[in-house]
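**Student:** After the structure tokens below, expect a handful of questions from me.
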Amino acid sequence: MFLSNVTVFMPPVLTLIGIPGLESVQCWIGIPFCAMYIMAMIGNSLLLFIIKTEPSLHEPMYIFIGMLGVTDIVIDTSIMPKMLGIFWFHVSEIYFDSCLFQMWLLHTFQCIESGILLAMALDRYVAICYPLRHATIFTYKLVVQLGTVVILRATILSAPCIFLIKYRLQFYHTTIISHTYCEHMAVVKLAAENIKVNKIYGLFVAFTVIGFDLTFITFSYSQIFVTVFHLSQKEARLKAFNTCIAHIFVFLQFYLLAFFSFFTHRFGSHIPTYIHILFSSIPPFLHPCHPP
């Protein structure tokens, strides 16, 4: 490895320091995170088992819920063991390639989760606005096609981020990442070279995925609320509202925290780093079971 006064050439190992400013209490912070991780694993595993073994739940909405459960398990497991290793055992080093793989895995499944939330919104839109046509529109074939498109979109959009870092950024100011896991901008900011292309592509992916999905989710639920308000029976309105409110809570939780982390990396220099890291670490553990 070639060293100069200010740069490191292609570091084989990076160092995750956890939560800057809270190093002395990280061992205690790890306890609630571990508890949330265990609850998330148990909750999502139980959810998947119930959906798989109960034939009456083999419907589009429950299939999407099961897919969300899988994404949560993958995201949680991709970051939690290393995070606890940092908090409890001070195992902070991570191989550069392992860091990039963790980053790709995390962002890919976050994109997948966003796509599944959009599919759920479209399913609710058809179920409430066109109830008589729901069974003919949202067939098992369509669910498989939507799932395939969501996975392919996430995989294709996330892959260039890895190659842009691996083969474009050669020199680094430091090998220390002020985070609990490898995140795109956290890694890119280490580089001593021009990172404009990496930033632009990150913005492109974020606005392509979140912008597209959130636009259609908002449109779907605006149409749903219009339809619900015109229902004549009070019980039917309440039932539809209960379903919608539960879904909207999940949507808001996912997108608000995603936007917070995204904009804090780029424009939130005045926000304490430990606040940013704590909030960006919350999403994978916040919803172990999703509402039907």
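Backbone N, Cα and C define each Cβ position, glycine as well.
TrEMBL entries are annotated by machine, without manual review.
Pasting the feature list from TrEMBL:
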- 28-50: transmembrane segment (TRANSMEM)
- 43-256: domain 'G-protein coupled receptors family 1 profile' (DOMAIN)
- 62-89: transmembrane segment (TRANSMEM)
- 101-122: transmembrane segment (TRANSMEM)
- 142-165: transmembrane segment (TRANSMEM)
- 200-219: transmembrane segment (TRANSMEM)
- 240-263: transmembrane segment (TRANSMEM)
**Student:** Which bits of the chain, at least 6 residues beyond where the transmembrane segment (101-122) starts or stops, bring a Cβ under 8 A of a Cβ in it?
**Tutor:** 61, 64-65, 67-68, 71-72, 74-75, 78-79, 82, 94, 143, 146-147, 149-151, 153-155, 157-159, 161-162, 181-184, 187, 205, 209-210, 212-213, 216-217, 220-221, 247, 250-251, 254-255, 258
**Student:** Go through 28-50, 62-89, 200-219 and flag the stretch with the largest number of C-beta pairs under 8 Å relative to the transmembrane segment (142-165).
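**Tutor:** Stretch with the highest Cβ contact count: 200-219.
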**Student:** I'd like to know if the transmembrane segment (62-89) touches the transmembrane segment (200-219) in this structure, counting it as a touch only when three or more C-beta pairs sit under 8 Å and are separated by 6 or more positions.
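**Tutor:** No, the stretches stay apart by this measure.
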